[in-house]
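To start, the structure itself, in structure tokens.
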2 protein chains.
Amino acid sequence: MSQPRQLRLGAFLMATGHHVAAWRHPQVNPDPLDLAGYKRAARIAEAACFDALFVADSVAAPTDAIASRTARSVYFEPLTLLSALSAVTERIGLVGTVTTSYNEPYHVARKFASLDHLSGGRAGWNLVTSDAAAEAQNFGLEAHIPHAERYARASEFQQVVQGLWDSWADDAFVRDQASGQFYDPAGLHVLDHVGEHFRVKGPLNVARSPQGRPVLVQAGSSETGRELAARTAEVVFTAQTSLASAQAFYADLKGRLGKYGRHEDELKIMPGVFVVVGHSEAEAREKFEQFQQLVEPEVGVALLGRMLGNFDLSGYPLDGPLPELPLTQDGQQSRQRLLTEIAGQENLSLAQLGRRIAGGRGHHTLVGTPLQIADELQAWFEGRGADGFNVLVPHLPAGLEDFATQVVPELQRRGLFRSEYQGTTLREHLGLKRPGNPFF
Amino acid sequence: MSQPRQLRLGAFLMATGHHVAAWRHPQVNPDPLDLAGYKRAARIAEAACFDALFVADSVAAPTDAIASRTARSVYFEPLTLLSALSAVTERIGLVGTVTTSYNEPYHVARKFASLDHLSGGRAGWNLVTSDAAAEAQNFGLEAHIPHAERYARASEFQQVVQGLWDSWADDAFVRDQASGQFYDPAGLHVLDHVGEHFRVKGPLNVARSPQGRPVLVQAGSSETGRELAARTAEVVFTAQTSLASAQAFYADLKGRLGKYGRHEDELKIMPGVFVVVGHSEAEAREKFEQFQQLVEPEVGVALLGRMLGNFDLSGYPLDGPLPELPLTQDGQQSRQRLLTEIAGQENLSLAQLGRRIAGGRGHHTLVGTPLQIADELQAWFEGRGADGFNVLVPHLPAGLEDFATQVVPELQRRGLFRSEYQGTTLREHLGLKRPGNPFF
């Protein structure tokens, strides 16, 4: 008997929480470098059988006018954080964000392979190409790399990383103590990659990892981003604000898989959902309002400017409309379209739009009872708008505990989500096959 | 009353052990990607109050003729490994090797700062410049960077990393929930480094770490290496094969500190010692002999060739003498001198020299009873040949347990080594001051 389709859940961990004002909430520890809080969140998510923890990243600290009034300047580096969390968890997947624009494929391949070994097959790489000029300036460049070039680099980068992960046959390491043969030379493949952006000999100095290859996650939704995802990604994290747009995105991306010889089950689409749970709808709304009240208008507007593609909106009146902005070349066109749409539909002022995105940051926002939230998730899941969700909560770890103890049981009751882990690796949780090694 | 001078101990962790044939020993788990073994070793070292764990590194896997007959092809990446170990230990320092030749300072500064936060102030960076052409070929280059250029780059790299570690005042993060001020802008220093090798804006996206700066370790013993160490290092790891040479190195390096305005206590010199312990001398010798018998002559000779500067010695007769070799430009001149000296003094054949270095790899080798070993360590320590030692054992974790349970108690009995940790950070263990931040 085949298992009915099950939804997947990722827990998005972001220091004090996803809401920009979370750190100001009296129940939140405002220190973003508090490992104990991360450990608690990881254990909550694992007890609820989440597929994975997701950790975002940037290789720069913002220093604009409102940076000192948000908690986003400093945080743990994802690979070190996830490695530490691997030692205090048993089953949950560990997905870390690393940019291809300011890294070398050998280091990235190696660190994720190492994490996959350390965690017994729970590593995932969220491949991003970065979206801030500030990052470029920490790596010898004046300006951010243009979108097309970033994606060309990312594509070759991914190819090199995959080739390095396949440096060794799964059974290469015979470790025969008696004969003295440690590995079978026939099980070694030297990549010898020479391309436009990279020249990497190999082999990787890590054995093929428990998952064969760590799970590849992506989030780009531009045309180029979708093509890269269709060719290579196994999970896509996306921001969709309505079931209709989620369904369109889902159909589009799944429809692209065939030309790369891939089946639609080989890529899981997981929109972000920003969730505030209450025992009653009124309680949930009041909880959300508490966070919203803590948002300074200037902070909300500055956050909005960043999300639109690093625009400085501080010169525009707070009670005026969102000004018309040039479509940026360097990154956030899809977000820009989305937010412009929301502002128009709801007739929001600049300050209102800023506050509006302070929690969900463009992700679908659900504020309600466990039943209401489960209904919505179920509708998206069964309506082919999502294979699962990345759950974003206003504050950590408490917001995650609310979701884990109130919404997850309801999803389990409906037969939509596991009550215990069936497998041990992230691939097994997600229902993804362990890839073979094409070199052997 | 001031504490009498205490020696420092580092536990050198290298997969199956330091002896090249360790993986073939029947009591050794031959899997170099066995986290459980590392955890056991870490706990043994911590129970014995070692100052730190040391993890070596290379960013390439050897693929020469004998690579398949040694266990050095694959292993954990140091930062991910040490982050995982940080979660299962409480006090012991965590020193990881990272090369400056094939990295970017922002990533290195960030990862060690993150580890320092994750571990509550236990991180150390062993700065190396790499010594293998194979590493260059994984990062877009044809050949290894020449020695002088490597050190020029390393020197600027260290300066950038230190500047990034000092991006924030220790008290910058006020996190005032009521007023909404997260950090005090006066506590932010934007580095804006522009140099010959690097252009790095900053700030680092990690707060100043518990130790102020992670501890800086180095191992270079060339003239350039000693100067860099005298100016910047806080621990120096070195290979010395006699008390006289250790004393000369110690006096030389400590003598260079003054011109950089540093006191001799600000740099701890820790030679490596390769130790095989037995209840009797005969038992120790027999134990050592067991490992030596497992060394295939070709493997020993190839290891020798690598240590001499990546020479292929496979064409020379095994029973002939060490051939005269050109002094290499790209790295291992000091090791080359040392090994040539040993071969001459002891009249060893190529195969014998290869087997000779298979265990200690040029480090001082002590095979004997706990009393004999403690005598020798004490003589070096009191004779100003060492401030402490990096302990290399033939096999892990068992060899470390021998040292921890037999030699350490003897050192403690003599008042030379702590019986419990007095501090919580690696700096406190080593007796190194927490550095101030020159920008504030």
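Every residue, even glycine, has its Cβ placed from backbone N, Cα and C.
Cross-referencing A:Thr16, A:Thr89, A:Thr97 against the FMN binding annotation in TrEMBL, which names A:Asp57, A:His147, A:Tyr151, A:Ser221, A:Ser222, picks out A:Thr97.
Neighbour counts of Cβ atoms within 10 Å were compared for the binding-site residues A:Ser221, A:Ser222, and the top value is held by A:Ser221. Over the domain 'Luciferase-like' (A:16-387), the average per-residue pLDDT in this prediction is 94. Under 8 Å, Cβ to Cβ, and six or more positions away along its own chain, A:Asp57 (FMN binding site) finds A:Glu77, A:Pro78, A:Gly96, A:Thr97, A:Val98, A:Thr99, A:Val128. As a whole number, the greatest separation of Cα atoms within the FMN-binding residue list A:Asp57, A:Thr97, A:His147, A:Tyr151, A:Ser221, A:Ser222 is 20 Å. For A:Tyr151 (FMN binding site), the count of additional Cβ atoms within 10 Å of its Cβ stands at 21 [all protein chains shown].
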